Structure formats: structure tokens, C-alpha cells
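Features reported for this protein in TrEMBL:
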type: REGION; residues: 1-23; note: region 'Disordered'
type: DOMAIN; residues: 76-267; note: domain 'Malic enzyme N-terminal'
type: ACT_SITE; residues: Y99; note: active site, proton donor
type: BINDING; residues: R163, N422, N466; note: (S)-malate binding site
type: ACT_SITE; residues: K181; note: active site, proton acceptor
type: BINDING; residues: E252, D253, D276; note: divalent metal cation binding site
type: DOMAIN; residues: 277-535; note: domain 'Malic enzyme NAD-binding'
Amino acid sequence: MDSGTSSARRSRSGSPDPIASNAGTALPYATRSALHLKGLVPSGVENFTVQEQRALEQLNMKSTNLEKYIFLSWLRTTNINLFYRLVLHNLKAIAPVIYTPTVGQACQEYSHIYPFLAPPNNVDGLYIPLTEVENIGEIIGNYRESIKEGDEPEITVITDGSRILGLGDLGMNGMGIPVGKLQLYVAAAGLNPDRCLPIVLDFGTDTDKYLEDPLYLGIRQHRPSDAEFYAAANLVIEALHKAFPNMFIQFEDFSTEHAFGLLEHWRHRALCFNDDIQGTGCVILGGFISAVEQAGIPPKDQRILFVGAGSAGVGVAKQLVDYFVIAHGIPEEAAKAMFWFVDSRGMITANRGDRLAQHKVYFAREDNGSTQCASIEEALEYVRPTALIGLSTIYKAFSEKILVRMSEINTQARPIVFPLSNPETKAECSFEEAMRCTNNRVLFASGTAFPEYTAEGRVYVPGQGNNMYVFPAIGLGAVLCKPTCITDTMIYAVSKALAASLNEQEKADGELYPRIERIREVSAELAAAFIRQAVGEGLAKDQKWIGMAASEDLVAEVRRFMWLPAETFEQLRQCCPHTHHHPVLPHEASKL
């Protein structure tokens, strides 16, 4: 075999030729002969549509969602083109398998299923142990050797596994979250899959279940002190930023204090974003804007009760405050006074008698006098809220009694109820419960997916405040226009664009979010809004997008840069290995 043929068959990492891998049974006879594959594979030559049918058939034969997750993971790491064809053509059904809620179970079982998610020695991200942080340069060097030349990462999702969804400290097992998030970046907004880098900081775990599990694959030690954590995490992030200075960094599922600490330290030093704090706030604000418009009560009269005061809850509330200030001209102190919080000790007040975590101080009430509310029920009667928002991770925290009372308090307006905790086993209430207890009047958005609800012959579609609506668009906008940092006003611009993206049918049906089937169309609009804001603030660095920002063709140009899987072998041959997002061809644009 000559060296040229050998080079064509193998990538730099020693893995199979990417064209052959992604073509599979669609590889033409002539190409098989050139790659010395004649007789080594079945003789049938198929198109990608037939491959997709077979994959969907196999997927549907799996009896549990975890089995489906494992099957899809193996498919993604062996034939990425087929995987994303399958995802994009079945997004509503597959998104809950590759991300929430199934990813929660996958993370809990990650050490047990890891060998079956990809072929041996497949490089699918970085595992950075606390014991190897001093060798971060070597680790980054190893990663560079594993990727195709020209495929340096343009986006990373990084976690330490300390607060995975509502499941707690899963340690190294939390790697499933960055992997899943990046799949949604690709599916929803067309980030280049070859330039996505999932990372887990394996800094130990305080969960004895995993420390005692003989199959656990992380380091077996308890988590470090805050000082040691920040020293190690900052060393890693500094090295990553130096190696890949234009890479967009998303922090994900860190413990509350560390989530705020990392964001505060890095948000003006590197292009970074925290989806739990900023992304959750962004998507909920988008749905909340739609809800306020439909509620039948003036914005200035809204009274909003939050149940749960972690990083996500406070992040959401601060962005709602910005909305009232910017969109309705309400002074910040007056806007802040529209919010009340309940945590595990009751209503958060400045004189409650305990030492409040720093991130809770901003919303601590100082106008309560001697009144203290020990429960949600007491706070409900004291606040008499127009909106009830849950980020507590407490299953059924919004009991039927509470939901009925919300309906009674809001007889002149439609009550707003957002149970946002993930997964479903942590949700504060279901869509059916909220509808039934409010005589179908509720304006509802949840963090997890709930089924449609039928009453009196009408089908109601639940709103899902799924971060998938916003973080892919934010990432795409950031990768394209390369701002020096991500500001709160950029996030706000995305929220406004999300609320404005509802089409006439969705508005007529009283929905708060666009249908998930339109996610790519919506992502292009949101990324364009992000770019316009970044350029308007003078923070964008990419000259192409600076010049395009005022153009009426901006959305179309963003869409042109969104990666799509190939439709034919010829297109695959031309675009693989990927050196950038391949343009949307005319026949593809209609499928967005």
C-alpha cells in the first residue's frame, strides 16, 4: 500500500478515514476500491435516507431511554453525519434522549456505561483530574494530537460535576452534561461538531456512593477547599484560553458559589458564559415577556414569588429585573421590590436571623418588619403573587392546594406558573396539575418536557423554558462575531428576540415559546440579535460581522454559516473533513 493511500485512509489520530466513516454503507464502489475496502463490507450501496431509516428502526427497538442514549452515543462517535441527520429530522423525540431528562440517568450511570458509548480510545473530550492540573499543558498537547489539523475547538462546555441538574454531586460522571449540551449546540444552531470540546474537571466528589463504587472512573477523593478549587480551575481555564484564545467557554453545573465565582472572575477576561445563571435567565425572560403580554395585568403590578434561591433562581430574577427596568422604565429598586424568594428556611429577609449566602443578599427583603414566612404557603398569602416561579428541585413543591390558591388570588388576571426544575422527578408541578387547578387559565412554562393537555376538546401545548432555545444561539453569535466578552445587554437582546420569534399561530394558541421544530429558524434570528447588540456595543472583533450587523440579510447570512449534515455522498466528500461550517445549500434551506 503506498503512503498516499494510507494517509487517505487514516486521520492524524489514527482513526478511520472520516469520509469512509461518515459514508458507511453509502460509500460508492470506486471509493471503496481506492480505500482498499472491496470485499470488507457488504456489497449494497445505499443513500443516506435509507441509512437513517435503519438507524431510526434500531433506536425505536430499544426498550428504555438509557439504551437509546447508549445507541445514539455510539452512533455519534462512529458516524457523526448519520447521527445529526437522525437528530435534526426527529428533534422533538430525540432531544429528551440526548439531553434532559435522559442525560440525568446517563450521568448517574456514566462510569458503568462509559466503555459502551464509543469505540475504544475514542477521544470525545477532556477529563482533567485535580491530581494532573499541573500537567495541563501536556493534556492540551495530547488533545491537539488527537484532532484533525485545522479543527481547533471554537466552543467548550466545562463542568466539575458538582451540581448536575437537580441530582447533586456526580463527580466525573457529570461529563454527560457537556457532551449533551454540545450536541444541542450543533443540532439547534449549527456549531461545527468537529470544533466542540466537552470538558470535565475531575476534582473529586463528596458523594460516598461514587467513592465506594468499584466501577467509578473518577479520582477517589473528596472535593478540595474553595481556595484549592479556584487555584486549580483558574489554572486550567487560563491554559485553555491561552491555547485557544477565541474559544467560547460555557461553564455548566458548578455548585452555586463556584458558578458565581468563576463567572465573576472570568467574564471580562475571556469569552465565557454560564448557562445556569445567564442562559436560564435568558430563556425564562423570553417566556416571561410573552406571559406578561397575555396575563391581563400591567407589568408594574406584577408580584413575583421565587421558590429556590440557587444560582439559577437568582440569575433568572436578576434578568427579569433588567427587563422591567429596560422595557418598562421601572427604577431598579422598584423593580427589585417586585420579587420575593423562598429557600429551605423560608422567605428570604435581611432580618431572618441566619447568615445569607452572598448571592441571596440582593433580593433579601427589608420591608417585612417582623413578618417571617416559614413555608411556601405562608409566603403565598403574604405576597399574593401574580407569578410563581420554581427552581427548587423539590418534586411537587407546587401542591394542588397552592395552585388552586394562585388561581383564586388572580381572578382578574391569568396566573403565571413556571415550575422550572429538571428533571421531571424534581419538577414543582406538572402541566396537567397547573391546568386543572386554574381552570385552564394558567400561563405555564416548565424546565422539563410535559405532554399536551386536552380539556373540552381543545389541546393545550405546555411551554417549556428549555435553555436549548437560547444557549446555542448565544454560542453561535459569539463564535461568529467574537466579542471580547458577553454582556447582560447581549443576553437581554436574545430574550427579546425569543419573545418576538413566536409566529401568528403560536400566539393565537396562547403559547409562550416557539415550537421546538422551528429551533434552527429561531436560533438564526436570536444569533443575529446577539451579533447586532455586540456590534452596537463596540465589542465584536470579527470585521465580517461588524460590516453585516446593519444589513437586512444578517439572519440569512447567519443561517448560511450554520453547519448541517450532508445530504449526499458528494456533498459529504466536499465538506469532510470539516474546515468550517458548510454553507446551507438551496435545497437544505427549506428544511430549516
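For all residues, glycine too, the Cβ spot is worked out from N, Cα and C.
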Residue, out of the recorded positions R163, K181, whose Cβ gathers the largest set of other Cβ atoms within 10 Å: K181
Centre the Cβ atoms of E252, D253, D276, go out 8 Å, and tell me which other residues of that chain have a Cβ in range of the divalent metal cation site. T159, R163, I164, I177, F251, F254, A259, N274, D275
Inter-residue C-alpha distance, E252 (divalent metal cation binding site) and R163 ((S)-malate binding site) (nearest angstrom): 9
Can you tell me the CA-to-CA distance separating R163 ((S)-malate binding site) and the residue listed as 'active site, proton acceptor', as a whole number of Å? 15
One finds that other Cβ atoms within 10 Å of the Cβ of D276 (divalent metal cation binding site) number exactly 27
Between the C-alpha atoms of N466 ((S)-malate binding site) and D253 (divalent metal cation binding site), the distance in angstrom, to the nearest integer, is 15
About how far apart, in whole Å, are the alpha carbons (Cα) of N422 ((S)-malate binding site) and D253 (divalent metal cation binding site)? 12
Note down the number of other Cβ atoms within 10 Å of the Cβ of Y99 (active site, proton donor), including every protein chain shown. 25
So how many other Cβ atoms are close to E252 (divalent metal cation binding site), meaning within 10 Å of its Cβ? 28
